[in-house]
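*Asks:* As annotated by Swiss-Prot, signal peptide applies to 1-21, with the evidence given as sequence analysis. The annotation active site, nucleophile is assigned in Swiss-Prot to ASP77. Among the features that Swiss-Prot reports, active site is placed at HIS406, ASP458, GLU467. Annotated N-linked glycosylation site per Swiss-Prot: ASN451, in sequence order.
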Amino acid sequence: MAAAGGAVLLLVLATATSVTGQHDYSDALHKSILFFEGQRSGRLPPDQRLRWRRDSALNDGATAGVDLTGGYYDAGDNVKFGFPMAFTATLMSWGLIDFGRSFGAHAAEAREAVRWATDYLMKATATPNTVYVQVGDAFRDHSCWERPEDMDTPRTVYKVDPSHPGSDVAAETAAALAAASIVFRDADPDYSNRLLDRAIQVFEFADKYRGPYSSSLHAAVCPCYCDYSGYKDELLWGAAWLHKASRRREYRDYIKRNEVVLGASEAINEFGWDNKHAGINVLISKEVLMGKDEYFQSFRVNADNFICTLLPGISNHPQIQYSPGGLLFKVGNSNMQHVTSLSFLLLAYSNYLSHANVRVPCGTSSASPVQLRRVAKRQVDYILGDNPLRMSYMVGYGSRYPLRIHHRGSSLPSVAAHPAQIGCKAGATYYASAAPNPNLLVGAVVGGPSNTSDAFPDARAVFQQSEPTTYINAPLLGLLAYFSAHPNLAQSDLLYD
């Protein structure tokens, strides 16, 4: 049984491409970080490297009497959605925490990418028992095609508070601040302490006033970032990061006390801005596998079960498909968000397993840490060009990549090239154009193939496949950092250590 499973896994790892040249993971890492500069909102710093971008949304928050300038636009639009932005910051931080040394010369710019998000999240949580969770009217914004520098749609401010709870977005924000506090512990101790103090306050608010923000703010946040999985996973996720950042026993006790109540054992192999179940189990399992806390053994069992569902030919209950070209595939929009987030968990867990010198039990078979790393690396290589179309899905990497991405700022002339305002409906001409985008959003990874055929239309209108998001790139940073430091996993290690 083990041999058969290994053979299928080897087939998936080797399938559908003869392009096996070494990728420049360090260059891809640099570009993936650079992408975040293209997503910046607010007043841009003098060292801004994507020069076609200019200042934007300088009055955000003014209608509510608060300063909400800064932060990131989530994707190809001009709305600031707090839920995916917080998740983006959490995942960038996790990559730096686990693979910080592998970032090498790119560590400082990666920290700056985190700080751009956390500076905003600190503003969004400056009022006690309140989290400002969105700036902009998604429906009005999505009816326009205009540069962020020009946008004239309403910058409506949305918040959660005791009367309108949002435990999901608040707990994710707490997780982001806590994770970032670890990132800045040595580089900027004062900032680190402020991040952790705020994370503690925000989590207390999230836990005390329970409820989904999708109920409190349904008309504003749905369907774009409705929390379909509920808020319980975010409460555990936030507690896990606070435990990791503070080492306070109260968070350890909170996790164990609420493990069943908040659904930690639910067999869900999802991980993304909405659903944190798999991430919770992998993150907490590190405590067990690193020999720090046997108290969390149940989370390791959950993590093992989750990991097995991702391994082709090994699981008796696979929940993941792979395309003929070897791409991990889950039904829904923007498949690359699943590819990068699940690959990150595979890589992180493989390192925890390696430290403990153990394998993942999968029924009558088992998987080695190297097998997990191989699956993760195969996904990264697919993104960078080892796929049936022989194209990179990262803009600016390789000789062939998406040219017509679904992104307002990239597809419209820059302010330097076209100083006059391009109004809401005037941008439609550029949206419908078959011409390549005039501004290169370097490092952007698009949604990619949307089914198991490995097809990609490179069409601006097909946003499910052509739109980049911050939460596609966020987990990719850690992956690229690791493989830039460890590019060669011997072919003999494909199946077993």
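Yeah, the Cβs are placed from backbone N, Cα and C, and that goes for glycine too.
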*Asks:* In whole Å, note down how far the CA of ASP458 (active site) lies from the CA of the residue listed as 'N-linked glycosylation site'.
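*Replies:* The Cα atom of the residue listed as 'N-linked glycosylation site' is 14 Å away from the Cα atom of ASP458 (active site).
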*Asks:* Let me check the 10 A CB neighbour count of ASP458 (active site). How many other CB atoms are there?
*Replies:* 17
*Asks:* Please list residues from the chain of ASP77 (active site, nucleophile) whose Cβ is under 8 angstroms from its Cβ, counting only those at least six apart in sequence.
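*Replies:* Same-chain residues close to ASP77 (active site, nucleophile) (Cβ under 8 Å, separated by 6 or more) are ALA138, ASP141, HIS142, ARG408.
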*Asks:* Taking only the Cα atoms, work out how far GLU467 (active site) lies from HIS406 (active site), in Å, as a whole number.
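*Replies:* It is 5 Å, counting Cα to Cα.
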*Asks:* Tally every other Cβ atom lying within 10 Å of the Cβ atom of GLU467 (active site).
*Replies:* 22
